[in-house]
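Since the structure comes first, as structure tokens, the remarks are kept for the end.
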Amino acid sequence: MHTYRHADGIILCSSFWNSSRTLSSQPEQQTPPESPNARQNVSMATGPALPDSLVLEIFLHLPHDAVLSAGLTCHQWLAVSRDEFLWRELFYSYYRIPRSVPRHPAAVSWYREFKRLFDCIPCVEVQTLKEHHDQVLHLAFSHQGHRFSSCSKDCTVKLWDTERPDGTIALVHSSSMRQFNWGYTQFSQFNADDSLLLVSGVYLGPQQSSSGEIAVISLENYTLLSRVRNKPYDVFGCWLNETHLISGNLHWIGNMTSCSVLWLNKAFQDVESENLNVVKRLFKIQNMNASTIRTVMVAHSQRHDSPDLLLDYEAQSQARAEQERLGQRHQPLLFDLGDSEEEEEEEGEGGEEEEGEGQMYPRPPHYGQNLRLGHMIQGRCSAAERERELESRVAEFLGKTRTRRPDSSLLTPSPSGEAEDKTYLLFTTGSLTYAPHQIGIKRIWPDQMSTCGPVLGKERSSEEFFDSLDHVIDIHGHIIGMGLSPDHRYLYVNSRAWPANCVISDPMSPPPIAEEIDLHVIDLKSLREERRSLRAHRAFTPNDECFFIFLDVSRDFVASGAEDKHGYIWDRHYNICLARLQHEDVVNSVAFSPADQELLLTASDDAAIKVWRSPRMLRLSQAAPSRHRPSRLLERRRAEAGGLNGKL
């Protein structure tokens, strides 16, 4: 008997999906031994069979495990226990899903869909790995799923093998980064062909000034190929393709204004390319109000081959119906960050943002009010406040007049109507405060995919100091995690919401954040937030101390860590929490195997990595040895046959 968790508590299951127990053994005792055909319908032994409609009505009042057990009693009950109407009712009632939500498009029956959500969730703990000696911060699988890496506060990156014959996971290599003056490792990522590993960590420089550094390790012989400075360290870094990675650098222009430069780096330098560039500047972006670019990742639009994800079906259908009734057109939740040739008015009614390409950054609601009251309170402002206001005005001026126009092709379909291969750079940023509260999107063009060409990237005019963002999606809360779906169609974002209608008057004092973590879902095809739907996990640290909680997405599920000492699994289609995975401390990271979504890893501050498998896979692994091993009787018969053949 195995134990696993669902959202509504612990369920004990004795593998009833292929159980052989019957509801009652009494009918078998009444069946005459000389009447083998009577076993075809044991319900006839005590009288006429009940009508199917009555049996179905009875089954509708039973829990699902009782229905499955009763179905083993006779052929009639077995047929009724597989009725589609029955399992549709059991499905909606057990998982508490609104009946307006349709069945998953790939599901073949309600029975199999119920079984998938109940039996195929990686919620059974099968192994605990304790080779790390401090908090484990991040986990990453290789693309083939045969290995994964782990990063920890013990300043090591470890590689693990997931394809051992006995089904267990074992450590194959460990590298310490302390020799390079690192404080700890925090993130890792395999390149596309699983030949190189990117490792990101905190580098302790002179005078205890902290910045980040990225190391590239060859997985053929575990040698260090290159090291790249990365600032701030929570940019993390990521692969653009098999041989090039993206890092960041930060230059402060003033007390509240800075410039983030994103660099493309070649992972190693070939002998043939010793006279070629190994770095090239991708983008130079201005930051306002003490914000910086963090958490970069790359999305490839050519993978957008999955159907639309049905999220919050009832709410969406009602919203669309209301919009159609009012004749309104859906507007995606984003800010268009462009330049405008027309002069923008300095004040707007109610502090609202003006539409068009002229708005470089979204204005806070109190912007116009601050300008009107500025002269009244100027005499009472301190020198620091006046300096901050002047710096902000200069930054806004540079953003309007010295910034390259954005790319407008993100939402523009290709002329031929065919899907165009596009590569996007995604990152967290902000315009109101230093806390990351927006998702920035920037398109990477084909000529930017390598370090060939000018080191400073695309040619720009002398008046273009910065690159503008192509789009920004506002989350209205502190972003603490992001993850892409396998097809790069959907972006999942962990955030802790700000109070509704809050006003940020000081960029260095962001609003208080909620303990509940919202898991947003953003469609990168339409750049629309589908729903802020997935909520069960919690965090408790204040906004000036909260940290990144890594999440992961598989074909059918999304998982995330939390500060409440649990990992969580949701179904992507039905938006329901299916499992809570317990640790002894904060769960920092989760990772699905890309080869098998019924294998999940969780990493925690308790210095442990836990391995979780689905009940179905656990049964199969336990049955595999006996399935391939011949029984003793068969071995005896083979031996006897061999002996007889020898005598003949």
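The count begins at 1 with the first shown residue.
Glycine residues also receive a Cβ, built from the backbone N, Cα and C atoms like all the rest.
Taken from TrEMBL, the feature region 'Disordered' applies to 22-43 (among others).
Summarising the annotation, TrEMBL assigns domain 'F-box' to 44-90. Applying DSSP to the domain 'F-box' (44-90) sorts its residues as follows: 32 helix, 0 strand, 15 coil.
Taken from TrEMBL, the feature repeat 'WD' applies to 129-163 (among others). Note on the repeat 'WD' (129-163): DSSP counts are 0 helix, 19 strand, 16 coil.
The region 'Disordered' feature in TrEMBL is assigned to 321-368 (among others).
Per TrEMBL, compositional bias 'Acidic residues' is recorded for 338-357.
Counting same-chain residues at least six beyond the ends of the repeat 'WD' (580-612), those with a Cβ under 8 angstroms from any Cβ of the stretch are 5, 7, 120-130, 132-146, 148, 150, 152, 162, 169, 486, 536, 547-557, 559-563, 565-569. Annotation comment: TrEMBL describes 580-612 (among others) as repeat 'WD'.
The residues of the repeat 'WD' (580-612), classed with DSSP into helix (H, G, I), strand (E, B) and coil, number 0 helix, 23 strand, 10 coil. Confidence in the repeat 'WD' (580-612), given as mean pLDDT, stands at 97.
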